[in-house]
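S.K.: Following this message is one structure expressed as structure tokens.
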Amino acid sequence: MKRSFSGDEFDTNGDGIGNSNSQLTDITKRSRSEPSLPSRVVHLRNIETSELEVVQLGLPFGRVTNFLNLRKKSQAFLEFDSTESAKHMVEKLTSMPAMINDRQVFAQFSNHGELRTDPTNCTNQQAHAALAQATDLYEIAQRGGPNCVLRVSIINLLYPVTIDVLHQIFSRFGTVLKIITFTKHDKFQALIHLKDPTGAAQAKQQLHGQNIYNGCCTLQIEYSNLLSLTVKYNNDKSRDYTNPTLPSGEGNMPQHSELERIHSNPGLLPLQRTTSNEDYRYDYFTATVTSRGRPPSTAGLTPGYDIPGNTNHLMSPLQPTPSAYNPMVGATTAPYGHPYASAHPRPLPPIHGLPPAHLQVQQQQNPHMISVHNGPVILVSNLNEDVTTPESLFTLFGVYGDVHRVKILFNKKDSALIQYATSQQAAVGHQNLDHITMFGKQIRVSFSKHQFVQMPKDGTSDMGLTKDFTNSPLHRFKKPGSKNYNNIFPPGAVLHLSNIPTETSEDEIQKIFSQYGTIKRFKFFENDRKMALIEMDTIEQTIAALINTHNYRLADSVHLRVSFSKSKL
């Protein structure tokens, strides 16, 4: 017969965690070594996170009736109202181990049939407050209510607007429970579920018509006819902030037919999940999928064609035109944060017209911010002049904007001028390619004083060192609001391949890429074989592979599309 477990059995110092180390160590060792019979109490080990997040880890499996957090031991106990709920949680976390804050959490049945905690203990009071708060949010998120869901459209989308950007903006007006993003009729949209209609009304009133970035990304907000949202996956397209146990899926958007129906159905139509339990671990609070046997990473998200993410803070809108900002938002980790592939956190530009009270987020110093006063031309130096061509520079720097002209300097062939379509694109290229290694040399990227690249005069020749790509069909950002704006990442070890003919085999692709380095891993998308991920041995090899394989002819009138990805294989 299972005995009850009282939290105050070990609470001799009043901290709610206990100082009877020998007893607690004996219990935890015994629970690891002896298989326990099913119980209403689940024992979690190696868990370091907040009380609220521990409870939210259990809520999707059933009603949690009690909770004990042994923080100093990195352990916790969750008591459910039924053995079936506890069994469901143990089975789920056993088949797909949970990675929380880069630590694998172990779940098993406790030897105790119930928890008895001291309600007067300060630590237990905090735990019960977290239990009540998490339960309240979870129930509200499930039942929803009128005028709690906002439909947000982004007009003039020139820069990425991610879930984390939206969460930070709308959380100024209340608790954001769920977000779904999608593209419909070439318009980026989001459904945002707030906790109560008051917060939703304030957000709608104060944000409608405002720009997220200077002169672009305008918010158009209306009430949705949905009472609640049903989110199937936590990834860069959808997020349930009350349920961190949702899998990540493959990160793909719903099919167009699904998008046509998404607003007429009460909730999100499911994305296709393609990760294998046998091959991957999923980090519930960072939405990171990692391969078994490899150290977990917070730099990646789900495999797929990705969106960069999370903002560090919002700048004061009182600055008329900030002297420095990067329109491409950077990476950090917030509650339920989703780190996105960027080495440095970068701030979000101001939302104009909002009172500063709504944007009181602590601003941090950032030496990597970019001045908007720089022009569209950048200077690239320390190039490998033996192999660098205008075409190779066009391809690499074209990942971050539409390159119009490239000039390799005649008297200094290890340097080149690159003219982008806009100064913002030049800023993004500078941010992502400065100090990367290209063809064996670490290049330097800086802003040029020139506002355009001069073509050779008629009748003169510069030996092909200057090329005009203004009308190139290979520009990635010709179309306003192109999805390519949402898929800009710094060079990494993984490349995203698309436009692959269905008859092209893995061997054919690997043969092409093996010319430029060692291939570590390759994977077709399970739901769309026209796309794949390939991982090279080094980032330098990845860069060389992208330069040489983007627009590679795979079949008649079919050319490969290659870009950097933040995914992990």
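Any Cβ shown, glycine's included, is placed from N, Cα and C.
Automated prediction, rather than curation, is the source of TrEMBL annotations.
Just lifted these from TrEMBL, have a look:
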- 1-37: region 'Disordered' (REGION)
- 40-112: domain 'RRM' (DOMAIN)
- 150-226: domain 'RRM' (DOMAIN)
- 376-450: domain 'RRM' (DOMAIN)
- 493-567: domain 'RRM' (DOMAIN)
S.K.: Across the domain 'RRM' (40-112), what are the DSSP residue counts per state (helix, strand, coil)?
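M.R.: Per-class counts: 27 helix, 29 strand, 17 coil.
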S.K.: Using DSSP, how many residues of the domain 'RRM' (150-226) fall into helix, strand and coil, respectively?
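M.R.: Secondary-structure breakdown of the domain 'RRM' (150-226): 22 helix, 34 strand, 21 coil.
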S.K.: Could you put numbers on the helix, strand and coil content of the domain 'RRM' (376-450), residue by residue per DSSP?
M.R.: 19 helix, 24 strand, 32 coil
